[in-house]
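Under the heading domain 'AB hydrolase-1', Swiss-Prot lists 43-346, citing sequence analysis as support. Summarising the annotation, Swiss-Prot assigns active site, nucleophile to S145 and lists sequence analysis as the type of evidence. The feature substrate binding site is assigned by Swiss-Prot to R212, D341, with sequence analysis given as support. Sequence annotations record features per position, and here Swiss-Prot assigns active site to D307, H340 based on sequence analysis.
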Amino acid sequence: MTLQQKELFQKSPLLLENGETLSPVLVGYETYGTLSASRDNCILLEHALTGTAHAAKHFEDDAPGWWDDYIGPGKTIDTDKYFLVCTNVFGGCSGTTGPSSINPKTGEPFRLQFPGFSIKDIIKVQRELLEQLGVTRIVSVIGGSMGGMQATEWAIDYADITDSIINIASPLAAGPDAIGYNLIMRMAILNDPDFNGGNYIGQPEGGLATARMVGMMTYRTSELFSKRFERFTVAESSPAAFSKEHFQIESYLQYQGDTFVERFDANSYLYLTKAIDLFDVTAPAKDDLPAFSKIKIPYLLIGITTDQLFRIHDLRRGYELLKEWDVPVTYHEVASEYGHDAFLVEKEVPKFEPLIRSFLNNLPVKSI
């Protein structure tokens, strides 16, 4: 079964953390496996910033998913055992309501009139979807990068129906360097003349492509770039004297930027990167305790030592904080020349798969 959509919050609007409301909300999602009669074998998979709900192939000739190596019969997320749900995030642009969606009040796209939202709001939409699908309990919420932030919020807001969390390469709060990179990327978009205050036709390609290129530099490592590109050049025809020599790394980054603008919306990029910046579960909640102190379920945290976006010292600090507050946390570190994106790379599956499989297999019996 490929992408499905369900309209939510039709009778009662979605109440966002900032007090704004929205109705209705369309959610795009994909499912794998079958929901059990007891409706308690669900795994919720969270995608990263520019991911989609298409986590794995549904059939042989289907388009590849972003986590094919982990999903399917007999694999880590065994679809003969689990009912897997993956949604496109609220505010995105691949099937779920976001800035490019039509505002029912105006008949025009929301664009920058779309309300601001948080990671907490993203999972609130997911919670409503799972309820509509008949899910009563979740074995685990799994996510990497921004997906790990969503998983952590699930442990805080919906621990009553969630049995465990797997967070890959995501801190308990976005660090200043990640916030800085996100600002640079947003400024590239905002300063593109074609952005037109968010009222663009097509995409502000130059700004969005530049944002993607900046992002790619944080998703990989200098070790990988040196090994792959060194100072190799490629043949390029350019009238500008300063660009007669074109390096392979330049060609690679330009390709990444050019292909990205074909599949992603600039306004969604602005909103989602800001939601990442604002994520901070170390901040005091209403009871003046850090929000993460509410986590009481098994929590697997995997840090990547070479991560250039969410630095390993932030993951280690998160682990120490979780331990201090008696969260049942298990922590592992993975070294990879692929850096932040290592959990998405086929070659690196042997480093992550045993950690995830072991964690799932050793959950309390009630969670299996």
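The backbone N, Cα and C atoms fix where each Cβ goes, glycine too.
Each of the recorded positions D307, D341 was scored by the other Cβ atoms within 10 Å of its Cβ; the lowest score goes to D341.
Neighbours of the residue listed as 'active site, nucleophile', defined as other CB atoms within 10 A of its CB across all chains, total 26.
Of all Cβ atoms in the shown protein chains, 26 besides its own fall within 10 Å of the Cβ of H340 (active site). For S145 (active site, nucleophile), the nearest neighbour among the listed recorded positions (R212, D307, D341), judged by C-alpha distance, is D341. Nearest by CA distance to D307 (active site), out of the recorded positions R212, H340, D341, is H340. Taken as a whole, the domain 'AB hydrolase-1' (43-346) shows an average pLDDT of 96 in this prediction.
In the three-state DSSP classification, R212 (substrate binding site) falls within a helix.
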